[in-house]
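Chemist: I'd like to ask you about the structure that follows.
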2 protein chains.
Amino acid sequence: MPELAPTLAVIGGGQLARMMAQPAIALGLPLRLLAEAPGVSAAQVIPDHRVGDHRDLATLREVTAGCPVVTFDHEHVPTEHLHALEADGIAVRPGPDALVHAQDKGVMRERLAALGVDCPRNAIVTGPADVEAFGLPCVLKTTRGGYDGKGVWFVEDTAGWAEACAEAFAVAEETGVRILAEERVDFRRELSALVVRAPSGQAAAYPVVASTQRDGICHEVVAPAPDLDPDLATHAQQVALRIAGELGVTGVLAVELFETTDGRVLVNELAMRPHNTGHWTQDGAVTSQFENHLRAVMDLPLGSPAPRARWTVMVNILGGPDPEVGRLWDGYPHAMARDPQLRVHLYGKEPRPGRKVGHVNAYGEDLEDCLERARHAAAWFRGDLGNESE
Amino acid sequence: MPELAPTLAVIGGGQLARMMAQPAIALGLPLRLLAEAPGVSAAQVIPDHRVGDHRDLATLREVTAGCPVVTFDHEHVPTEHLHALEADGIAVRPGPDALVHAQDKGVMRERLAALGVDCPRNAIVTGPADVEAFGLPCVLKTTRGGYDGKGVWFVEDTAGWAEACAEAFAVAEETGVRILAEERVDFRRELSALVVRAPSGQAAAYPVVASTQRDGICHEVVAPAPDLDPDLATHAQQVALRIAGELGVTGVLAVELFETTDGRVLVNELAMRPHNTGHWTQDGAVTSQFENHLRAVMDLPLGSPAPRARWTVMVNILGGPDPEVGRLWDGYPHAMARDPQLRVHLYGKEPRPGRKVGHVNAYGEDLEDCLERARHAAAWFRGDLGNESE
């Protein structure tokens with residue numbers, strides 16, 4: 001085969017890499033994947049893959065050999081390895097100096113403070129006395145390694161606070177990460193401002209969405225966020241674009257925000273990869289976040305982030321409470337017959353309880369209708385219709 | 001890995017199988033591919049593939065082992081092998097008794113005549129005397145094996161008619177196929193009525209589109225066909241649905257039609273697989289023809305065939321006249337910057353002159369704008385802007 005296009009290396013074989021494969025097929029962009037185990041989500045659909053450890057530099061070098069660019073399914077590749085790959089002449093996108101802000105919440109908070117971006121009040125704490133001085137209630141977070149509700153402790157102003165605190169510092173002791181204390185924000189809801197930035201600085205901002213978490217896991221997204229003040233929406237997009245620019249992000253930047261009860265937005269988290277709050281774009285936007293991530297890291301002009309429908313609702317499919325419920329596949333006859341407009345995205349993962357195994361998108365003119373359709377379908381796949389309503 | 005879903009076997013590694021891979025990823029449907037050579041279009045994107053000859057029954061049995069269903073990228077698998085696979089207990093979709101009507105134009109014409117479906121006047125001819133008796137001008141076609149303008153001769157009522165005729169009968173002699181003579185239809189334009197049918201008989205009809213051929217190759221499709229009489233559009237859909245039902249088609253059936261200058265539709269060709277005249281559905285319909293083909297052959301409820309935009313225009317990208325033009329990839333910066341709404345689909349094929357190597361879709365409210373955008377992009381990739389206008 002003659003080389004028709006450069007090959008993009010992707011580190012990490014989860015569902016985000018899997019969903020990059022779809023636009024890569026259309027773009028004629030070959031992907032080369034490093035998967036953490038045989039048969040993981042993305043390895044099922046990307047022929048050119050090998051299995052290995054993303055913490056091993058030799059493995060990273062082997063996978064990226066001959067690839068002009070490397071990008072990521074997750075944020076867990078050590079910073080020093082990213083610098084080594086850059087020194088080898090590979091374009092690392094997003095680069096280590098940007099990515100560290102998504103890897104380390106302490107670094108992120110310091111940098112956002114320096115930029116004057118509104119964040120929850122926060123401080124690095126080294127022991128229970130610091131936490132008491134910071135003030136209760138508060139949230140303790142490991143600065144590195146947490147995701148989907150892991151590495152987060154809600155410390156209440158009650159008798160049990162010292163135990164929660166002790167647990168956090170035990171993890172810190174064990175793993176060597178720092179602990180960040182943050183105020184409990186009195187928020188109306190969570191928002192997400194997702195932008196994509198190319199190496200040139202060209203950038204595209206998707207509509208700001210509202211997201212609902214359950215047990216620390218993204219559960220539902222509504223695009224655009226209903227009844228959001230237009231000035232606040234524009235401000236959130238500007239904040240996300242400014243962070244992307246100041247940090248030199250290449251690819252998707254998802255800025256998760258608290259909308260406070262007094263009408264401000266505070267930055268909660270940053271992610272520098274396609275993000276759960278952008279899955280609605282697969283069916284609801286002209287260009288999906290996955291395609292625009294590929295276009296950005298390959299230094300191509302970005303596609304339009306404009307919505308294609310008045311409303312798009314995404315609901316995650318989690319593994320249900322009953323492991324006997326069986327294959328998600330068996331949910332198709334009802335779900336598809338009930339809603340011929342429903343868009344289903346499965347990840348090729350075994351549905352263990354609480355595990356993200358897919359999502360559904362429903363779009364249309366009527367928000368209530370979209371919510372009902374997406375929630376019903378996700379609950380149906382979970383085998384748990386009793387929990388359907390919000 | 002536990003088995004999360006049944007595996008679908010796909011015979012043929014061209015771009016149609018490649019484009020089935022995208023919805024298969026979303027549906028969580030594993031594909032197993034038989035490719036005709038290493039590195040062909042679909043083999044680049046489907047991990048579970050082997051290389052072999054689709055005319056060899058042992059190879060077909062090996063590829064389909066453990067798969068409950070087999071479907072096709074093309075119509076070239078011998079009928080007797082399809083019967084053998086059925087006898088093995090595999091669901092062959094579309095089945096051999098349906099597929100023969102897309103494989104053999106003689107059988108197709110006889111069956112459509114029996115059904116009372118309007119077709120161009122036609123007859124099997126065995127020599128020049130038959131052709132002269134049929135009447136000139138006419139079209140001669142091999143009943144089997146022709147595609148993209150191959151196996152077709154336009155016989156004019158001029159001195160040279162005997163030579164064209166001799167060539168056709170030489171091919172017939174050599175290959176053992178029959179020759180079909182058809183009248184030259186005085187047509188206004190070509191239409192295509194694409195439907196999808198599940199084993200249950202559930203069926204979905206896409207809007208009727210107008211297609212333009214160049215040198216016997218589909219060049220441009222406009223969905224829906226502009227200024228088409230609504231009654232004639234409904235009639236065309238009904239004809240396609242009736243043929244799908246009478247022939248017992250499972251999956252996509254594309255019925256290519258002539259719209260005559262006196263306001264009738266005549267059936268030109270049948271195809272029983274995703275079809276070039278349905279590529280617009282990838283970006284222009286709620287459910288693409290590729291996803292609905294998968295849903296149909298896997299006996300799942302079909303998705304909505306409704307359009308998502310007022311107009312969608314598809315233009316094929318052919319390899320350009322200048323083999324030095326280089327990689328299509330190099331056309332991206334201009335094409336994407338000029339039109340952030342453009343949807344590009346490349347097939348991973350080397351752009352040899354005249355070869356279908358991709359297509360673009362442009363959708364929107366204004367037909368002229370869609371036409372201009374899609375034609376410009378396709379011509380740009382071809383390296384041939386001088387030929388851009390119609």
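Backbone N, Cα and C atoms are what each Cβ position is placed from, and that goes for glycine too.
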Chemist: Record says B:K105, B:E182, B:E183, B:R184, B:V185, B:E190, B:N268, B:E269 bind ATP. Source is TrEMBL. Which of B:K141, B:K150 does it list for that same site?
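Modeler: The one candidate that TrEMBL places in that ATP site: B:K141.
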Chemist: Write out the long-range same-chain contacts of B:R184 (ATP binding site), meaning residues 6 or more apart in sequence whose Cβ is under 8 Å from its Cβ.
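Modeler: Expected: B:P137, B:C138, B:V139, B:F154.
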Chemist: Tell me, how many other CB atoms lie within 10 A of the CB of B:E269 (ATP binding site), whichever protein chain they belong to?
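Modeler: Around B:E269 (ATP binding site), other Cβ atoms within 10 Å: 17.
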Chemist: Kindly assign B:R184 (ATP binding site) to one of the three DSSP-derived states: helix, strand or coil.
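Modeler: Going by the DSSP assignment, B:R184 (ATP binding site) belongs to neither helix nor strand, so it counts as coil.
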Chemist: Within its own chain, what residues at least 6 apart in sequence put their Cβ under 8 Å from the Cβ of B:E182 (ATP binding site), listed in sequence order?
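Modeler: Within the chain, B:E182 (ATP binding site) has Cβ neighbours under 8 Å at B:P120, B:R121, B:N122, B:C138, B:V139, B:K141.
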Chemist: Looking at ATP and its recorded binding residues B:K105, B:K141, B:E182, B:E183, B:R184, B:V185, B:E190, B:N268, B:E269, figure out the farthest C-alpha pair and report it in angstrom, whole number.
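Modeler: Output for ATP binders B:K105, B:K141, B:E182, B:E183, B:R184, B:V185, B:E190, B:N268, B:E269: max Cα distance 18 Å.
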Chemist: Of all the binding-site residues given, B:K105, B:E190, which residue's CB has the most CB neighbours within 10 A?
Modeler: B:K105
Chemist: Please state whether DSSP places B:E190 (ATP binding site) in a helix, a strand or coil.
Modeler: strand
Chemist: What does DSSP assign B:E269 (ATP binding site), in three states?
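Modeler: It is in a strand.
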